[in-house]
């Protein structure tokens with residue numbers, strides 16, 4: 001063997017030996033660091049081990065400074081591990097962070113105020129019933145309006161009285177529920193069909209999935225094995241995700257849990273004007289994608305880089321790959337709202353909400369700049385007579401309690417004419433801000449200074465007795481996706497009840513001052529001239545006969 005070959009072989013062997021020694025030394029060094037991290041003294045700075053490097057699987061100093069649950073006496077071996085959540089999206093216990101301006105708890109200014117003045121007013125029999133409805137709102141000056149009959153009841157009519165007599169074959173509980181809809185409410189108090197419908201929507205096999213046409217965000221039409229249908233809104237983010245401060249109400253995501261909570265709130269308030277809504281945990285692959293027949297929807301399903309099953313559908317906003325709805329890996333939460341009767345069975349009308357927002361980045365709606373706007377509404381059918389104006393007051397209280405600014409239209413059943421109640425639909429943008437109370441939602445109550453007596457009585461009971469949040473917790477506890485609301489939203493419900501009562505008190509004070517000026521003489525409200533264009537009048541009146549007949553314009 002030549003000398004050159006021996007030199008090359010020797011060099012290669014030396015290089016291999018040095019590499020082996022270097023690897024062994026690194027392994028020993030890692031072992032020493034691990035032992036030092038485990039056996040380090042408890043008084044050492046949190047998150048710091050040998051050579052100033054972070055201990056394995058231990059938060060660093062910056063994480064510890066922002067986490068109120070960590071303590072300095074931290075031991076790696078015996079560190080308590082929090083129990084895993086029941087679901088990946090289940091909310092964790094809320095701990096206020098003083099350094100987070102966006103989640104700073106809001107004080108309740110009326111927590112210690114029992115509103116005895118309002119309670120005393122209700123105890124005095126001074127309210128004259130309007131026999132079920134107000135004849136002419138242009139002359140009503142009372143703040144608290146009692147629209148019950150003389151005997152304290154409310155006349156009612158049911159759809160079944162107008163339908164063919166006798167039961168039809170293959171009637172499901174939902175179709176029976178439809179026949180029990182009345183002029184005043186969607187279902188009677190303590191209805192036995194509601195719990196059964198909720199249970200079936202959360203458990204029956206799904207046989208068909210389609211995308212609902214229209215709307216700004218994706219919604220799925222679900223058909224069950226028994227032929228019933230439900231509208232599904234999928235989960236997009238966790239319950240503690242709030243509306244971003246710089247986002248308008250019309251650019252916010254819709255929340256599936258808001259739909260569920262709105263149904264329970266509507267029932268607890270005694271309105272019962274919303275269809276039953278239940279939560280459900282579905283498998284995107286086997287329960288949704290496998291039941292899709294439309295190719296346009298089917299081609300939007302895909303697997304994300306994180307190996308999660310996703311889809312985005314096709315809609316005006318948030319229906320692309322960057323705004324997809326994803327499972328974990330293919331498990332997804334969703335709200336399932338029972339379908340209303342079809343238009344062939346029970347026709348509906350769509351109305352523009354009189355206090356609708358402008359849905360424009362810069363423009364304001366007329367009610368935001370006209371102090372006498374309510375006087376205009378009093379002169380416009382269907383608000384001039386009947387129960388509709390009080391129903392709008394109820395709706396504004398309902399929306400304010402859950403922070404819903406997205407009330408642009410509402411629907412009624414044509415069968416009952418102008419006496420039909422407004423259907424409480426589409427609450428996906430509610431419960432978006434737990435630490436902000438948007439008083440502009442109460443504009444109908446503040447500007448008109450009217451409230452239904454039974455509504456005021458309920459609010460006072462919630463404020464002085466068992467809290468509204470306690471009723472909500474009990475009502476939502478049986479939902480498959482419980483807990484439904486993040487705890488700060490429940491706290492906000494109780495706080496907002498006080499705000500509504502305070503606005504009623506202010507209306508009562510203004511009304512009392514007005515009466516003193518007239519020496520307690522009754523002077524009818526001066527009718528305002530119809531300072532409204534024909535276009536605005538048409539907007540306030542009927543807009544269409546079917547749901548989604550007009551697309552909402554957002555600028």
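Glycine too: its Cβ is placed from the backbone N, Cα and C atoms.
Sequence annotations record features per position, and here TrEMBL assigns region 'Disordered' to 72-101 (among others).
As annotated by TrEMBL, ATP binding site applies to 217, 233, 254, 337, 338, 339, 340, 411, 426. Close to residue 217 (ATP binding site) in the fold, though at least 6 residues off in sequence, lie 253, 254, 315, 317, 318, 319, 428, each with a CB less than 8 Å from its CB.
Residues or ranges marked as Mn(2+) binding site in TrEMBL: 254, 426.
Look at TrEMBL and you will find 301-513 tagged as domain 'FAM20 C-terminal'.
In this view, residue 406 (active site) is surrounded by 20 other Cβ atoms within 10 Å of its Cβ, with every protein chain counted. Per TrEMBL, active site is recorded for 406.
Annotation source TrEMBL lists region 'Disordered' at 518-555 (among others).
Per TrEMBL, compositional bias 'Polar residues' is recorded for 530-547.
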338, 340, 426 filtered to the binding-site residues whose C-alpha is within 10 Å of residue 406 (active site): 426
What's the longest C-alpha separation between any two of 217, 233, 254, 337, 338, 339, 340, 411, 426, the listed ATP-binding residues, in angstrom? 20
Compile a sequence-ordered list of residues in the same chain as residue 426 (ATP binding site), six or more apart from it, whose Cβ lies below 8 A from its Cβ; state 'none' when nothing qualifies. 406
With Cβ-Cβ distance below 8 Å and at least 6 positions apart along the chain, what are the contacts of residue 340 (ATP binding site)? List them in sequence order. 178, 275, 346, 348, 423
